[in-house]
Amino acid sequence: MASHEKNAVFDDIDSVDAHDDEVLHKLGLQRELRKEFTKLSTLGFALGVLGCSASVASTFNTPILLGGPGSAIYSWILGSFGCLAIASSVAELISAYPTAGGIYTTTAFVVPPRYRASVSFVAAWITVVGQLAAPAGVNFALSQMIFAAVTIATDGSFVASTGQILGLYVGLNVATGLINSLPTKALHRLSMSFVFINIFTTLACIIAIPAAGAGNLAPSNFVWGHLVDTSGWNNRGFALLLGLFCVQWVMTDYDAAAHLSEEVKNAAITAPVSIVSGVTITAVMGFFLNISLCYGIRDLSALPGPTGLVFAQILWDNLGKRGALALWSFVILLQAVTGVACQLSCIRSIYAISRDNALPDRKLLSKVWPRTKTPVIAAVFVVVIAVVFGLLFLASIVAINAVFSITAVALDLSYMIPVSAKLWIWLTKSEEVKFRPGPFNMGTFGYFVNLYAFVWTLLETGVLIMPQVRPVNGTTMNYTGPIVGGVCGISWLWYMLYWHRNYAGPGGHNKLWDDHSSEVHPESTGSVEEKREKA
């Protein structure tokens with residue numbers, strides 16, 4: 001390549017970076033993190049957060065044991081369309097306001113001025129709780145999955161104790177914390193591998209189960225037509241919807257890629273495209289994975305088996321001990337990838353929210369360590385909180401499940417705050433707030449997608465806060481609703497009574513809050529040459 005061509009390439013890169021920085025400046029923020037993530041590594045990260053086959057493995061018990069194959073397959077179809085609508089709605093907002101704060105930051109710019117600080121503060125705390133619960137839940141499931149491998153290897157004679165599970169869980173959180181304290185360039189290189197690990201592992205499971213189990217597979221009328229209700233609710237329709245516990249856990253944290261926006265080149269396009277691509281790929285692969293797993297069921301009444309995990313037992317039944325261990329090791333690797341990705345998303349969320357002074361930490365968690373140029377203190381904080389969550393396991397499994405179960409509900413609720421505000425702007429033709437879309441947008445059609453996402457979120461969160469089984473008692477109660485409701489209420493009261501003195505919203509009080517017609521994205525007008533001159 002000639003030297004002048006190389007210079008032109010670097011000029012284009014510098015122009016994109018300068019543009020991204022200009023967008024942040026208009027939002028009242030200044031970039032401190034290094035831009036190292038590319039299209040491939042950002043897509044890998046988006047897929048890593050979802051972790052198709054591994055996330056299904058950790059949640060497949062619910063649809064199969066409570067509703068049978070019908071619940072697993074049909075809830076996945078319903079959930080996939082709903083999740084894609086939410087992801088597209090989130091991606092559109094992220095494109096307009098690409099920051100490490102993700103969907104939380106967008107909230108401030110789509111709600112009326114008099115509500116901006118208070119609503120953003122509540123959204124910040126919903127995000128904090130949901131993000132902290134996500135990596136903790138993933139690593140807890142990972143510890144169970146690792147011991148399930150030991151159970152398979154010992155032909156069911158080994159069953160892990162509470163102390164062993166907790167000890168491994170703590171170690172996993174510390175290990176992922178160390179990884180996520182690395183410089184951004186190292187994280188970028190690691191994330192590129194996530195694409196191949198995810199797709200290979202999921203395709204291997206889809207193909208291996210029916211291939212190894214040929215001649216002993218479940219009949220098609222069982223796979224496609226067997227829907228039961230063992231939940232005690234005496235309603236097969238609700239039993240089908242209980243399968244959403246699996247779908248919504250797998251496909252949540254949509255804005256994870258957005259939390260890397262300040263480390264992604266051309267974030268206004270790369271981040272939203274990665275979000276939608278990641279959910280689409282996961283939805284399609286997950287559909288075929290569910291079908292393959294259901295055909296691999298030998299005896300529904302014998303599940304979940306000695307491993308305690310339906311997914312692992314199906315592998316064991318069809319591939320035998322050696323084959324199951326080989327494939328299960330890749331599922332475990334993918335779950336570890338998901339743990340790293342979820343924790344990184346959480347760290348960047350905490351960093352951004354602390355930077356806006358929404359936490360009572362005097363912005364300590366937003367400090368960037370000079371050596372790695374990453375928020376290491378935030379990483380330590382996330383690990384410590386995860387360990388504290390794990391200690392609840394010593395009290396009871398109900399206590400720790402109550403914490404982990406709030407991820408999907410809290411995060412989906414945080415997404416719907418700005419999505420519903422954007423809908424309100426459109427429906428009322430508000431002059432008080434004007435939404436300026438970024439380069440990734442769905443035009444007028446997007447508002448119908450937003451409406452579908454809003455309605456779907458009402459339905460799925462309504463299901464996710466319900467007890468899974470009856471009768472309802474202290475052991476079977478679902479505490480997700482009270483916890484999320486408590487976070488909303490307490491954070492709002494805290495802001496109104498005291499913290500309004502310290503919090504002005506994302507980026508502080510910047511000019512976009514006063515000038516509602518300001519253009520966040522300078523590329524919306526002007527020629528390519530003019531854009532480069534401005535950059």
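Every residue, even glycine, has its Cβ placed from backbone N, Cα and C.
For 40-60 (among others), the entry in TrEMBL reads transmembrane segment. Outside the transmembrane segment (40-60), and at least 6 residues removed from its termini, the chain residues within Cβ reach (under 8 Å) are 72, 138, 141-142, 144-145, 188-189, 191-195, 197-199, 201-202, 205, 245-246, 249-251, 253, 256-257, 260, 264, 270-271, 273-275, 277-279, 281-282, 285-286, 289-290, 293, 309-312, 331-332, 334-335, 337-338, 340-342, 344-345.
Residues annotated as transmembrane segment in TrEMBL: 72-94 (among others).
Under the heading transmembrane segment, TrEMBL lists 115-134 (among others). Nonlocal intrachain contacts for the transmembrane segment (115-134), taken as residues 6+ away from its ends with a CB within less than 8 angstroms of a stretch CB, comprise 102-104, 107-108, 252-253, 342, 345-346, 349-350, 353, 356, 358-359, 382, 385-386, 389, 403-404, 406-407, 409-411, 413-414, 417-418, 483-484, 487-488, 491-492, 495-496, 499-500, 503-506, 513.
The transmembrane segment annotation in TrEMBL covers 146-172 (among others). Sequence-distant contacts of the transmembrane segment (146-172) (same chain, six or more residues past either end, CB-CB distance under 8 Å): 139-140, 305-309, 312, 316, 321, 324-325, 328-329, 332, 336, 339, 387, 390-391, 393-394.
The feature transmembrane segment is assigned by TrEMBL to 193-213 (among others).
The transmembrane segment annotation in TrEMBL covers 233-252 (among others).
Outside the transmembrane segment (273-298) by six or more residues, the chain places 39, 42-43, 45-47, 49-50, 52-53, 56, 60, 64, 69, 72-73, 76-77, 80, 83-84, 87-88, 90-91, 94, 199, 202-203, 205-207, 209-210, 213, 216-218, 222-223, 247, 250-251, 254-258, 310-311, 314-315, 317-318, 440 with a CB less than 8 A from a CB of the stretch. What TrEMBL lists as transmembrane segment is 273-298 (among others).
What TrEMBL records for 325-353 (among others) is transmembrane segment.
According to TrEMBL, the feature transmembrane segment maps to 374-400 (among others).
Packing against the transmembrane segment (406-427) from elsewhere in the chain are residues 86, 89-90, 93, 103-104, 106-107, 110-111, 119, 122-123, 126-127, 129-131, 133-134, 137, 248-249, 252-255, 433-435, 447, 450-451, 453-454, 457, 460-461, 464-465, 480-481, 483-484, 487: each is 6 or more residues past its ends and has a CB under 8 Å from a CB in it. Residues or ranges marked as transmembrane segment in TrEMBL: 406-427 (among others).
What TrEMBL records for 439-459 (among others) is transmembrane segment. Tertiary neighbourhood of the transmembrane segment (439-459): same-chain residues 81-82, 85-86, 88-89, 91-92, 94-96, 268-269, 272-273, 412-413, 415-416, 419-420, 422-423, 426, 521, 523, selected by CB-CB distance under 8 Å and a gap of 6+ residues from either end.
Sequence-distant neighbours of the transmembrane segment (479-498) (same chain, 6+ residues past either end, Cβ-Cβ under 8 Å): 117-118, 121-122, 124-126, 129, 402-403, 405-406, 409-410, 413, 464-465. The transmembrane segment feature in TrEMBL is assigned to 479-498 (among others).
Annotation comment: TrEMBL describes 515-535 as region 'Disordered'.
For the transmembrane segment (193-213), the list of distant contacts is 40, 43-45, 47-48, 50-54, 281, 285-286, 288-289, 292-293, 295-296, 314-315, 317-320, 323, 327, 330-331, 333-334, 337, 341: same-chain residues at least six beyond its ends, Cβ to Cβ under 8 Å.
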